[in-house]
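**Q** This structure is in structure tokens; I'll ask about it shortly.
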Amino acid sequence: MSTASLFSFPSFHLRSLLPSLSSSSSSSSSRFAPPRLSPIRSPAPRTQLSVRAFSAVTMTDSNDAGMDAVQRRLMFEDECILVDENDRVVGHDTKYNCHLMEKIEAENLLHRAFSVFLFNSKYELLLQQRSKTKVTFPLVWTNTCCSHPLYRESELIEENVLGVRNAAQRKLFDELGIVAEDVPVDEFTPLGRMLYKAPSDGKWGEHEVDYLLFIVRDVKLQPNPDEVAEIKYVSREELKELVKKADAGDEAVKLSPWFRLVVDNFLMKWWDHVEKGTITEAADMKTIHKL
């Protein structure tokens, strides 16, 4: 049985997206936008592999022979931002090291991350199923986009959470083909932060301070199959049905641990604010919720 057949609501496969999914970004209401931020520069171009990263690739070839080539490149090219439990920057390391459970446990490696929750003008939430080639949590269903700000000038800006917003805009394009004009950085509303740890398998896992960003926009989608297997807009009730299937042990309906933490602790009350146009009232960026 296919994954899509398990749900009572429509799904959209990468190579057959329905035209109705896309609409002009002009329909977004300004009531959801936080105060305007200063214009920003485009994210810095990706650089070539460092000597350290190249050496790491060479040394781990035998251990990670089955890793997808794109994911392998990102594992060593991307430098995550290391933080302490108060979200203070303490350094940086490769995405590879930051997701090795051995490193996480031995060195308490903790990195900064973000999770985007994008709603359309009907207040439906866009979900994605992670691609089968993802190193951590392949083929699980999760929120719109989950990734990391990188250790680069434009994504280290602390003021107004601008660095994380810049990273979110970058990854929405990388994963879902959403152009920057459809998701202006000043329309992301940071609602909170949570600290969690979640092993994916015996080798890989997550240990993150995760920024939770909400945005209401109608966008055009062109998902990247290296990152995303499937996408789907869901209503609140449809999401509840999805959670029930996951709780029943349906192997084809697995949810990412960070998404489940947000669903269980925050999402439904925040969804109320989305529908009322009062989303900024829900923001609490002083607290780091340890879950």
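Yeah, the Cβs are placed from backbone N, Cα and C, and that goes for glycine too.
Since we're looking at a predicted model, the values are computed, not measured.
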**Q** Where Swiss-Prot shows ARG130, LYS134, SER147 binding substrate, which of LYS95, LYS197, LYS203 is named for the same site?
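**A** As annotated by Swiss-Prot, ARG130, LYS134, SER147 share the substrate site with LYS95, chosen from LYS95, LYS197, LYS203.
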**Q** Hey, Swiss-Prot has Mg(2+) bound by HIS99, GLU206, GLU208. Any idea which of HIS111, HIS273 it lists too?
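**A** Matched candidate out of HIS111, HIS273, per Swiss-Prot for Mg(2+) with HIS99, GLU206, GLU208: HIS111.
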**Q** Highest Cβ count within 10 Å among the binding-site residues GLU206, GLU208: which residue is it?
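**A** The residue with the most neighbouring Cβ atoms within 10 Å is GLU208.
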**Q** Based on DSSP, tally up the residues of the motif 'Nudix box' (147-177) by helix, strand and coil.
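**A** Counts, helix then strand then coil: 21 helix, 2 strand, 8 coil.
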**Q** Specify the count of other C-beta atoms within 10 Å of the C-beta of ARG130 (substrate binding site).
**A** 21
**Q** Starting from the Cβ centroid of HIS99, HIS111, GLU206, GLU208, which together make up the recorded Mg(2+) site, report each further residue of the same chain whose Cβ lies within 8 Å of that point, ordered by sequence.
**A** CYS80, CYS98, ILE104, LEU109, LEU110, ALA113, THR136, HIS148, GLY205, HIS207
**Q** Which of the recorded positions listed here (LYS95, LYS134, CYS146, SER147) have a Cα atom within 10 Å of the Cα of HIS111 (Mg(2+) binding site)?
**A** LYS95
